[in-house]
Structures are given as C-alpha cells and as structure tokens.
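In Swiss-Prot this protein carries:
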BINDING   Ser57, Thr58, Arg59, Thr60, Gln84, Arg108, His135, Pro136, Cys137, Gln138, Cys269, Leu270, Arg297  carbamoyl phosphate binding site
BINDING   Asn166, Asp230, Ser234, Met235  L-ornithine binding site
Amino acid sequence: MSTVQVPKLNTKDLLTLEELTKEEIISLIEFAIYLKKNKQEPLLQGKILGLIFDKHSTRTRVSFEAGMVQLGGHGMFLSGKEMQMGRGETVSDTAKVLSQYIDGIMIRTFSHADVEELAKESSIPVINGLTDDHHPCQALADLMTIYEEINTFKGIKLAYVGDGNNVCHSLLLASAKVGMHMTVATPIGYEPNEKIVKKALAIAEETGAEIEILHNPELAVSEADFIYTDVWMSMGQEGEEEKYTLFQPYQINKELVKHAKQTYRFLHCLPAHREEEVTGEIIDGPKSIVFEQAGNRLHAQKALLVSLFKNVEELS
C-alpha cells in the first residue's frame, strides 16, 4: 500500500454519489484500479459486512461477498424477509442492534427513506446497494469503467437511453460531479425524477458538467463516447406490457449507434434482455464493455469498503 493511499472520505456512509466530491470520486477510482491489480490485499482483516437483501441480486451480492473475502473479511447475508425488521421491528432498532455485532451494512431494498434512517441510527458505515431511487455503487463502477477506457472525464459525452430509473439518477449525479456531458433520452412520462435532475443541474453549474434531458434518442446519442441503457421493466414492473411498444424507438441497435462516435463504447448495468432494450448484435459486439463494467463492481466496491471502514476507525 505504499504507492496508493486509502482515500479519505468526508462521510460515514454512501447513500448517493451526491455525498462525494469530485476529488473523492477520482481517489476512489484510482484506489479501485490499484485493488484490481492487487486482489488479495488483506485491508479489512477480521471485519464483518452485513448484507441485507429485500430484492433479488446476482452482481451486488456476489461482488460484495467476494470483495470482503479478498480483503480478509467476511460478508454475512441477511434476508430482509427473515429478519425481525421484516416482521415489524423498527429500522432504528435494527440499526442500533446491528451496530453492536458487525462493522458495516450494505442494504439493497425498496425505500430510500429506510436506508437514510438506517444510516442515521447506526454507528457503523451503511452502503446503499440499490433503492428505488438510487444505485450509487453501480454508478461508481460505471465511472471507473469510463476512466479506464479514456483516463479522463473532461470532454466526454455519456448518453443514457431508456427508462429514467434509479441507475439513471445515480449516473446523473455522477456525471455532474466529475464534469461530464450527459444526455438522457426517455419516452414522455418516463423522465428521471425532477428533484434529482435539479440537484444534478445545480452540481453541474459548479463543475462545468452539461446535463440534458431529451425525448429524442438520436439526438441524445449524437457524437456520444459512451451509450448506456438499462432494462425497460425494472423489478416489480413486469406487468406493464404497454411499455414495450412505447420504448421500442429507444432500443440500442445498429441504426441508433450510427449517430454516436465511431469509437463509442456500449454500457449496460445488467441483467440485459436482448432484443428489447438492446440487440444482441450490440451487446455481444466489439463495442460492448458490459462484462468489464460488471467486473468493476467488485473493485469499486472494495475501494469504497476500505475507505469507509478506515475512516470510521480513525474517527473512533
């Protein structure tokens, strides 16, 4: 660890990327790249991370559990349905009890307000592994992937096409923080949350970022360096069949990507539904870096875990 310093973060928790400065984000990315090359650094020897899941997961659960093992610690799976919190115990009581047993909490749930309360009432770090409003760990890995490809955020255009969901929200805040140009194209009625857009625009004024919310996918991807999409049906929305027709013009396909730079790269947070939000030709083609992106969840989260745990140690 002599060549790379553990980033010092001015926060106990990570609930949204709004809580981090541009400098902290860059430091986390550089630290994540270091950990990617040095997988078995035992920086969290003996530490226990509680993993609370109210939603199904592949990447989030496996990457956090594997990350804790590689860092010398342990990830403890906790099903939200099986905990007393699922039977009426308050979030506040749960936070205080878990703070007596373990060293940190990662939670993947529905209500962002519950995660905020969990963080407020706990004395240990709390990481938002996904809520209906935000997915900061995914956005941090996305920034790492972009940084590895181009080594800068200045002058980079990221185009997000599809549903203005939690992933889109976190990408808006992330892009605003690091000074990127981000365009979002959604059907009318599926725009990202207005309050989050306003926050991103306010941050962009300070950082020089450019944020655009559009309804024209061709305009959104015009001269883009990166094109990003997500599933049209998020968990719990599977019955909204009319969305398929409405979203069809927003499919990432060979015609749409002609408007981007020839050197563009394709991103997707996964899981993907081929021939819906993206064609197999694109996601399985040479421009796609979705599996490198998925792999970076592990490394970005390890950097975050070490930084948050070390900060709490120094403060205690």
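From the backbone N, Cα and C atoms, a Cβ is placed for every residue, glycine too.
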Binding-site residues clustered about Asp230 (L-ornithine binding site) [Cα within 10 Å; pool: Gln84, Cys269, Arg297]:
Cys269
Please compare the binding-site residues Arg59, Gln84 by how many other CB atoms fall within 10 Å of each one's CB, and tell me which has the fewest.
Gln84
Hey, how far is Cys137 (carbamoyl phosphate binding site) from Asn166 (L-ornithine binding site), Cα to Cα, in Å?
11
For carbamoyl phosphate: widest Cα to Cα gap among Ser57, Thr58, Arg59, Thr60, Gln84, Arg108, His135, Pro136, Cys137, Gln138, Cys269, Leu270, Arg297 in Å:
31
Among Ser57, Asn166, Ser234, which are binding-site residues, the residue with the most C-beta atoms within 10 angstroms of its C-beta:
Asn166
How long is the line from the C-alpha of Ser234 (L-ornithine binding site) to the C-alpha of Cys269 (carbamoyl phosphate binding site), rounded to the nearest angstrom?
12
Neighbourhood of His135 (carbamoyl phosphate binding site) by C-beta distance under 8 A, where only residues 6 or more apart in the same chain count:
Asn128, Asn166, Val167, His169, Ser170, Cys269
I want to check the contact list for Arg297 (carbamoyl phosphate binding site): same chain, sequence separation of six or more, C-beta distance under 8 angstroms. What comes out?
Arg59, Thr60, Ser63, Cys137, Gln138, Ala141
Just to be sure I understand the packing, how many Cβ atoms besides its own are within 10 Å of the Cβ of Cys269 (carbamoyl phosphate binding site)?
25
Where His135 (carbamoyl phosphate binding site) sits in the secondary structure, as DSSP reduces it to three classes:
coil
